[in-house]
Amino acid sequence: MIKYPAFDPVAFTLGPLNIRWYGLMYILGFVAAWLLARSRALKTGSGWTVEQVDDLVTYSVFGVILGGRLGYTLFYETSYFLNNPLDIFKIWNGGMSFHGGLLGVIIAIWLFARHTGKSLFEVGDFTAPLVAPGLLAGRLGNFINGELWGRHTSAEWGMVFPGAGPLPRHPSQLYEAALEGVALFIILWLFSAKPRPRMAVSGMFLLLYGSFRFFVEFFREPDLHLGYLAFGWVTMGQILCLPMILGGLVLVGFAMKNEKQAALKTE
């Protein structure tokens, strides 16, 4: 068993304000996405300007925050927020949903595409590789907060988390950081470094994230108020990942089909 480091969730204070690690991780994720996007935009023939990147990141920030909070409200704590509607605005108390944030970003991308005259999937393919660093930062923030821990385990790397009882648990936040953050970024960044048919990068993101998250859910403790939703093992996270996996397969399939048709026309 490995001893949990027991971090202070407050990174530092500025007068009366407590600056928390989790909030800093969100900022770090947005800054990383912005820097990576600008590096891609500066390449010859990218079709993007740094001004467009700045606007895209601004749209995406609002999409992540609003979508993530509303998604958590609808998917995980509906009854609580119906009884306490004003608490929806208390983001500093925690409670964000990746799947809600994803929907928020998709809406933001659609609005940005309409504003700039770009196609939805042109923007989506450009954005997809930029998401993983934010996921990495967010999962590290969960680990620092000692939240969203895993199920009980007898593995040597099990940890006893504060408030999670005396038994060691999987550090599932770190599993997610490794798969949804590091592995997903490396795969998508390298995959998108070469010209790909439209929808391919977006489809790969949906397929890979959905698959990684579905797998890690087997090690992650389900939300106490939800538990398992089907067959004694299916979690809300897995249910929400299924449309991502299916959607990713469809997009990759369309991308491959369009690539073959384009190749035939040039012969």
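Here the Cβ of each residue, glycine as well, is placed from N, Cα and C on the backbone.
What Swiss-Prot records for this protein:
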type     : residues : note
TRANSMEM : 17-37    : transmembrane segment
TRANSMEM : 56-76    : transmembrane segment
TRANSMEM : 91-111   : transmembrane segment
TRANSMEM : 120-140  : transmembrane segment
TRANSMEM : 173-193  : transmembrane segment
TRANSMEM : 199-219  : transmembrane segment
TRANSMEM : 236-256  : transmembrane segment
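Across 17-37, 56-76, 91-111, 173-193, 199-219, stretch 173-193 shows the highest tally of CB pairs under 8 A with the transmembrane segment (120-140). It is 56-76 that, among the stretches 17-37, 56-76, 173-193, forms the most Cβ pairs under 8 Å with the transmembrane segment (91-111). Residues 7, 9-11, 48, 53-54, 56-57, 60-61, 64, 92, 94, 126-127, 129-131, 133-138, 140-142, 144-145, 189 of the same chain lie 6+ residues outside the transmembrane segment (17-37) yet bring a C-beta within less than 8 angstroms of a C-beta in it. Remote same-chain residues near the transmembrane segment (56-76) are listed as 26, 30, 33-34, 37, 88, 91, 95-109, 111-112, 123, 126-127, 134, 223, 225-226, 236, 240 (criterion: CB distance under 8 Å, separation of at least six residues from the stretch ends).
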